[in-house]
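Take a look at the structure below.
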Ligand SMILES: Cc1cc2nc3c(=O)[nH]c(=O)nc-3n(C[C@H](O)[C@H](O)[C@H](O)COP(=O)(O)OP(=O)(O)OC[C@H]3O[C@@H](n4cnc5c(N)ncnc54)[C@H](O)[C@@H]3O)c2cc1C
């Protein structure tokens with residue numbers, strides 16, 4: 001394991017923001033995790049697990065500890081009748097796994113095409129879009145418990161998967177390092193195109209039964225129309241989660257904003273649309289303040305237009321949260337993870 005000192009973190013994030021890590025190492029194996037954790041313990045420093053850096057905002061002063069940059073690689077494919085198991089290293093680029101599964105003609109991950117980040121974080125975040133969440137395909141997650149020096153497989157019933165949520169965001173966060181994830185895919189399947197954007201895309205093209213590759217191509221078009229180009233702008237995608245409220249809270253909210261977008265979230269819960277609130281109530285879609293702003297085609301996306309600091313992003317995020325609460329009584333919580341001392 002090669003431990004480096006004072007490594008700038010901005011290039012390792014899609015926000016392109018963040019000061020240096022006091023120590024930084026690439027993790028290629030379980031042994032390297034053990035070595036890095038032992039190093040941090042010896043120096044009495046905290047650790048941070050970094051994947052593709054597409055869901056983090058790192059403070060301007062950086063991280064005063066040891067960053068474990070997970071690059072655990074490799075995908076194994078196994079066939080059992082109609083079922084295909086893909087077991088991928090936590091550092092595999094998520095969209096490489098999706099691309100390969102689609103090219104091999106397997107069903108299950110195509111709706112999750114073009115999401116940045118790593119396989120490990122796909123389980124942490126339970127990534128989702130266009131009607132599908134990663135947890136629907138996860139067979140098990142392998143983790144290394146750094147406190148108890150144990151490798152174990154965690155099955156979905158113990159993963160506490162929820163909307164952009166899992167056990168790795170709560171239970172001894174940062175202590176459990178995901179090393180591999182196994183996905184269950186199918187040789188035979190059918191497209192999931194119920195989600196509005198996909199339905200509209202295919203009805204325009206009069207495609208009734210799209211292939212996995214056609215779904216993937218559709219998502220490339222749909223996503224590039226809505227999201228900033230990462231080669232030009234810094235962003236971590238949706239900055240806030242859609243607020244999930246009780247039916248009673250939703251009724252109060254909808255009395256005041258009858259035209260607001262909302263969706264059933266199961267049970268006694270309703271999911272409100274954070275971008276709708278930011279756009280229609282706060283009137284903050286497409287605004288720019290200095291080097292930061294909200295994206296004109298998707299108000300939930302905060303953007304670094306170039307040279308922005310973490311403080312500028314946080315100030316804008318706080319203003320959005322404050323105004324949302326003031327005007328709607330709804331609390332917006334960040335989807336993005338804050339790292340570093342002044343966060
Ligand atoms: C343009 C853009 C579009 C996006 N679109 C979507 C979308 O459609 N749907 C969606 O759900 N998300 C989306 N995202 C958010 C992001 O891509 C996902 O959250 C992704 O899973 C983050 O992966 P990462 O490897 O970059 O994680 P990082 O940002 O590196 O880390 C995120 C969190 O996971 C933890 N973590 C990372 N790897 C491990 C590991 N191996 N073990 C334990 N903990 C770990 C980190 O400590 C951190 O807390 C988008 C982001 C961008 C920039």
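Cβ from N, Cα, C; glycine included.
Taken from TrEMBL, the feature active site applies to 164 (among others). Under a cutoff of 8 A between CB atoms, and with a sequence separation of 6+ in the same chain, the neighbours of residue 164 (active site) are 125, 126, 127, 128, 241, 335. Look at residue 164 (active site): DSSP puts it in coil.
The active site, proton donor feature in TrEMBL is assigned to 238. For residue 238 (active site, proton donor), the count of additional Cβ atoms within 10 Å of its Cβ stands at 21 [all protein chains shown].
Summarising the annotation, TrEMBL assigns active site to 335 (among others). Around residue 335 (active site), a 10 Å sphere centred on its CB holds 19 further CB atoms from the protein chains shown.
Annotation source TrEMBL lists domain 'FAD-binding PCMH-type' at 16-188.
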*What three-state class does DSSP give residue 238 (active site, proton donor)?*
strand
